[in-house]
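Annotation source Swiss-Prot lists coiled coil at 615-636. As annotated by Swiss-Prot, N-linked glycosylation site applies to Asn112, Asn128, Asn133, Asn182, Asn231, Asn262, Asn279, Asn300, Asn355, Asn400, Asn457, Asn611 (among others). What Swiss-Prot lists as region 'V1' is 113-153. Here Swiss-Prot flags 503-523 as region 'Fusion peptide'. Annotated motif 'YXXV motif' per Swiss-Prot: 698-701, in sequence order, evidence recorded as similarity to another entry. Annotated signal peptide per Swiss-Prot: 1-22, in sequence order, evidence recorded as sequence analysis.
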Amino acid sequence: MKGSKNQLLIAIVLASAYLIHCKQFVTVFYGIPAWRNASIPLFCATKNRDTWGTIQCLPDNDDYQEITLNVTEAFDAWNNTVTEQAVEDVWNLFETSIKPCVKLTPLCVAMNCTRNMTTWTGRTDTQNITIINDTSHARADNCTGLKEEEMIDCQFSMTGLERDKRKQYTEAWYSKDVVCDNNTSSQSKCYMNHCNTSVITESCDKHYWDAMRFRYCAPPGFALLRCNDTNYSGFAPNCSKVVAATCTRMMETQTSTWFGFNGTRAENRTYIYWHGKDNRTIISLNNFYNLTMHCKRPGNKTVLPITFMSGFKFHSQPVINKKPRQAWCWFEGQWKEAMQEVKETLAKHPRYKGNRSRTENIKFKAPGRGSDPEVTYMWTNCRGESLYCNMTWFLNWVENRTGQKQRNYAPCRIRQIINTWHRVGKNLYLPPREGELTCNSTVTSIIANIDAGDQTNITFSAEAAELYRLELGDYKLVEITPIGFAPTSVKRYSSAHQRHTRGVFVLGFLGFLATAGSAMGAASLTLSAQSRTLLAGIVQQQQQLLDVVKRQQEMLRLTVWGTKNLQARVTAIEKYLKDQAQLNSWGCAFRQVCHTSVPWVNDTLTPDWNNMTWQEWEQKVRYLEANISQSLEQAQIQQEKNMYELQKLNSWDVFTNWLDFTSWVRYIQYGVYVVVGIVALRIVIYIVQMLSRLRKGYRPVFSSPPGYIQQIHIHKDQEQPAREETEEDVGSNGGDRSWPWPIAYIHFLIRLLIRLLTGLYNICRDLLSRISPILQPIFQSLQRALTAIRDWLRLKAAYLQYGCEWIQEAFQALARTTRETLAGAGRDLWRALQRIGRGILAVPRRIRQGAELALL
């Protein structure tokens, strides 16, 4: 029975120890390689030294880091803050450089206009099909088939700087750009179209639109992830070849429809970015085919300025020829082969639903008529002028359509009133500048909508913003989240921090993500180095950014880009201080591994330290962060309260604290309290005594009249000796006495104090005498329990000692037996080897003996 009780007790103790050991607590790790999607402003860097690049971008120094991550990450070219910022910023660049005329209506005056009824120059009604591949005539300004546009010559008078004088001006307009009172006759009164919605805010000087190359960079504390998978299509599948970078690649500022020009993503293959939910696509063309486009606006025209007031000008262009705004673009390269490869690539795409074996069912198609000009025609910008090109002949040429005109060039015209490509609205620009305009571009991509079915149509699109989905769609912006939670069996970190001599371990900021693909256990071993790398990388990037800002004094103008760059300087420090403030609120400031007393909330959710990365673990427990953070803050508040109470107790442990000046002030305060209490008690006692004497019929001592200063005569009994008079005899009917009341009163107070202290002593003695019998059984029971526990521990220690001795003897016996066995086996083996050796040595002797016997 006793043995079963011992076994039960041992089982309970072991179970308790197991439960205590298996209890999981929240552990805070600082410096883990994890991240989450972010949407903060990026800053740009460029090598262009034009006005916009100098003011609004930092100089590019080509000093950027990249590291490969062993992780799998999801990318989306459309739901992407990097591409959205690129679209917004390039739009601001376009508006800043081209400077549309807005505010203050420029030409809202009546104009006397003459309509020019024009026809096609060199147009023939023959049905013969002409295929033109030679562009020499286009370069020589003798293109046949280009029509003269319907123009309206207008004359109007306006006042300039001299307000009392009017001046006559001549301007040529497209018929669609003006509104006339009488549209049937050749002479009519006309007004500029959109007169009420277009106004001027600044000088409408002509500006060149020179494309610039720039890159985006992430602020310190953030990073850019890039997908290097060749099968990535802009939305899926998840990317397994991920690279972390501080900046993007260089990209070109593109503004066009239908085609993308001078892109940086062109490779020796054709690939397609396809939106995950609709038919929007961006097709990157193979640069092997050398696809180029050359545009030209010939002519030498005179441009006269109209000055409204100081600083405001509008340029007027007299009509000199019949095609003042005519231009054309011709295409060179292996276009037909490139378009055929596009069809073949589309047929192999996983999203394609048509017949994969028949590419002849895939056709290139122009958008329907009746849409905005930017949709109907290919719109591009050439040196600040907006060209609208009719691509019908070009599509006939690349598709080899029989029965229709096929030419490798397209007629274009320059417009002043254009639709904005990023926001809904219209902008008014100045008439074309004088002189010849030429621009050359490399065609690198196609913007299209794909309608798959029995007949698959690749319809060219006017979504100019799609160009940046291709340029930056393989990037994503992430925020480094170095703080992580995980359950461990350690409840509290109480050991002193040991400082070891370590070498400097700085990999730069991106080196912090170097262990992103490692298991949690392996990454946790380098948290100290990781946290130092994080801070060192932040400081390094801050210093680099500060240096380039100092070199760029134009940043003080605080333009849109300048504000972003200045904001990027403080983002990382704010992030680092925020992380440290959060760690401090949990009691984990400046610790890489911080054990807490907060229990882990979900026992079924535990990390796989050997196979799971920190990024995977953070994605699983991200929904618990708010609750864990609140619990850690509450635990830290309670810990601070406990530490405060403990420090109050510790102040009494050191004897020198008793002699401290502040302690003596406190002692004096306590003494004053005691004196005040005694005085108050004495007053109460005196009042009680006075009332008792009044009840006996005597007046109190202090009620004597002032005339009785020396003594009070009291009759007393003659037979009673004076030495036996006591306070109790006062009030007796016999005799009278003399009582010097001041001295007697002091004696009376002393007797009362002695009686009070004696009473308190008696009460305490009685209380202790009554408590002692009550506490004695409790102490005896506690002593018996401690004795039993001591005996039980001695018994278990004896059992453990006996077991250890038995195991030791068993090991000794095993070692002795093994030694003897090995020794015997060695001796037997040695004897066998000796016999074999003697036999081998005896072979010649046996042979000789055999030969002798044979000879005998």
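Sequential numbering from 1, following the chain as shown.
Cβ atoms here come from the backbone N, Cα and C positions, even for glycine.
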Can you tell me which of the glycosylation sites Asn112, Asn231, Asn262, Asn457 is spatially closest to Asn611 (N-linked glycosylation site)? Compare CA atoms only.
Asn231
Nonlocal residues around Asn112 (N-linked glycosylation site), in sequence order (Cβ under 8 Å, 6 or more apart):
Cys154, Gln155, Phe156, Gln187, Lys189
Could you work out which of the glycosylation sites (Asn231, Asn262, Asn279, Asn355) has its C-beta surrounded by the smallest number of other C-beta atoms within 10 A?
Asn231
Mean of pLDDT values spanning the region 'V1' (113-153):
52
From glycosylation sites Asn182, Asn231, Asn262, Asn279, Asn457, the one whose Cα lies nearest Asn400 (N-linked glycosylation site):
Asn457
Across all the protein chains here, work out how many other Cβ atoms are within 10 Å of the Cβ of Asn457 (N-linked glycosylation site).
16
Measure the Cβ-based neighbour count of Asn182 (N-linked glycosylation site), defined as the other Cβ atoms within 10 Å of its Cβ.
11
Please tell me which one of the glycosylation sites listed here (Asn182, Asn262, Asn279, Asn355) sits closest to Asn231 (N-linked glycosylation site), measuring Cα to Cα?
Asn279
Asn400 (N-linked glycosylation site): tally of other CB atoms within 10 A of its CB:
11
Determine, to the nearest whole angstrom, how far the Cα atom of Asn262 (N-linked glycosylation site) is from the Cα atom of Asn182 (N-linked glycosylation site).
46
Which one is it: of the glycosylation sites Asn182, Asn279, Asn457, whose Cα lies the shortest distance from the Cα of Asn355 (N-linked glycosylation site)?
Asn457
Mapped DSSP class for Asn400 (N-linked glycosylation site), helix or strand or coil:
coil
